[in-house]
Every structure is written in C-alpha cells, then in structure tokens.
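Participant: Following this message is one structure expressed as structure tokens.
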Amino acid sequence: MAGFLSVVRRVYLTLYNWIVFAGWAQVLYLAITTLKETGYENVYDAIEKPLQLAQTAAVLEILHGLVGLVRSPVSATLPQIGSRLFLTWGILYSFPEVRSHFLVTSLVISWSITEIIRYSFFGFKEALGFAPSWHLWLRYSSFLLLYPTGITSEVGLIYLALPHIKTSEMYSVRMPNILNFSFDFFYATILVLAIYVPGSPHMYRYMLGQRKRALSKSKRE
C-alpha cells in the first residue's frame, strides 16, 4: 500500500509541476511577445488570465507542505506565496491604474523565469528522481538576480497603488456596520510594505543558505 501511495504522490507532483511550468512559460512568452510588439504598457492585458491561474495554483503548495507531500517548510512557503497573491489580486487585479507601468513587465519576467526554472526542476526530480547538474545550479542561483528585481518591482507597484487605494477605499470596511468592525485596506497595505523591510533580507539570507547546502551536497555526490 505504501508503495502504491508513493507512486500516486510522484505522479501527482510530476503533473502538478509540469502543468504550472506550462502556465508560467505561457506568461513569459506572452510578456516578451507583447513587450516587443506593442510595448510594456500592454503587457498586463496580455498575461492577466495566465498569470492569475499560474500564481493562484501555488496555493496548493501550502497544502502540499501541510499534508507532508513535500518537505518544504510552510513557514518559508507561505510568505512568498502570500505576497505574490497580494500583488496578483490585491494590487494588479484591483487597481488598473498601475497595470501600464513598466514595473509590471519587470515583475512578470522576474516571476516567470524563476518559476519556469523551479517547476521544471521539481518536475524532473519527481519524474526521474534527479535533475541535471546545470538545472540544479540554475534552481539555486537564479534568485541572486531575479529575487532583487522581483522584490523591487513588487514594492514599487504597491507604492504606486497607494494613492488609488486611499481614494477608492476599496476593500475597506467603515463603521457602523452589523459586525461592529472596521478595516482600512490603505493602512493594511502600508503594513505589508513595512513587512518587506525586514522580510526581504531575511528571505534572501534563507535562500543563500539553501543554495550553499544544495550546491555543497551536489559536489559531495
């Protein structure tokens, strides 16, 4: 029975990784094609649906960690996925005013290259039991450039959205109401920005540690 469940797990994770890989490959292709043909102002319109699908599919990774399908700690996975979902739905989907900014293009390209490398790496690992050495190096080295460009784009887009969040009062809840509860999305977004200050360096150091362990292990093998 344990052997059968192991096979089911590997088949499921193989399919999951390659399906999401295909989604991010589509995002990258559409972003680059649109950038070349009509400019960065139109990139979001071209990639909106594929981006939403590919990024929202990452929610399953939290469940994978919770039920033990993968060894990735939820404490590391949750903030990464949470911040991306916040950008995808809370900023880009909700505030069209920022969609034509060039930071959308740098964000999407940084995210998609990162995820194409990551999902194909784990796709090979689950399907074949290993990944090529060059793929391992890419998996644990590409973040050195792509994480800073991605984070810079995220912070920039959140900052650009702040005036529109404040004037629209979208997602804010004012008193009085039946629940006797108030919520200000503008100040919540400022709090999210503040979390980036300690959170980004911490995550970068975490990934540097991952890189050191993974590459050291590959040299020993």
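These residue numbers are counts, starting from 1, taken along the chain as shown.
Glycine residues also receive a Cβ, built from the backbone N, Cα and C atoms like all the rest.
Worth saying up front: this structure is predicted, and the values here are computed from it rather than measured.
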Participant: If we trust Swiss-Prot, are Arg10 and Glu97 on matching sides of the membrane?
Facilitator: no
Participant: Taking the transmembrane segment (101-122) as reference, which of 12-32, 52-70, 77-95, 143-165 has the most Cβ pairs under 8 angstroms?
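Facilitator: Going through each listed stretch, the top one turns out to be 12-32.
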Participant: Taking DSSP states H, G and I as helix and E and B as strand, how many residues of the topological domain 'Lumenal' (96-100) are helix, strand and coil?
Facilitator: 3 helix, 0 strand, 2 coil
Participant: Quickly jot the same-chain residues contacting the topological domain 'Cytoplasmic' (205-221) by Cβ under 8 Å, restricted to those at least six beyond its ends, or write none.
Facilitator: 76, 133, 136-137, 139-141, 143, 147
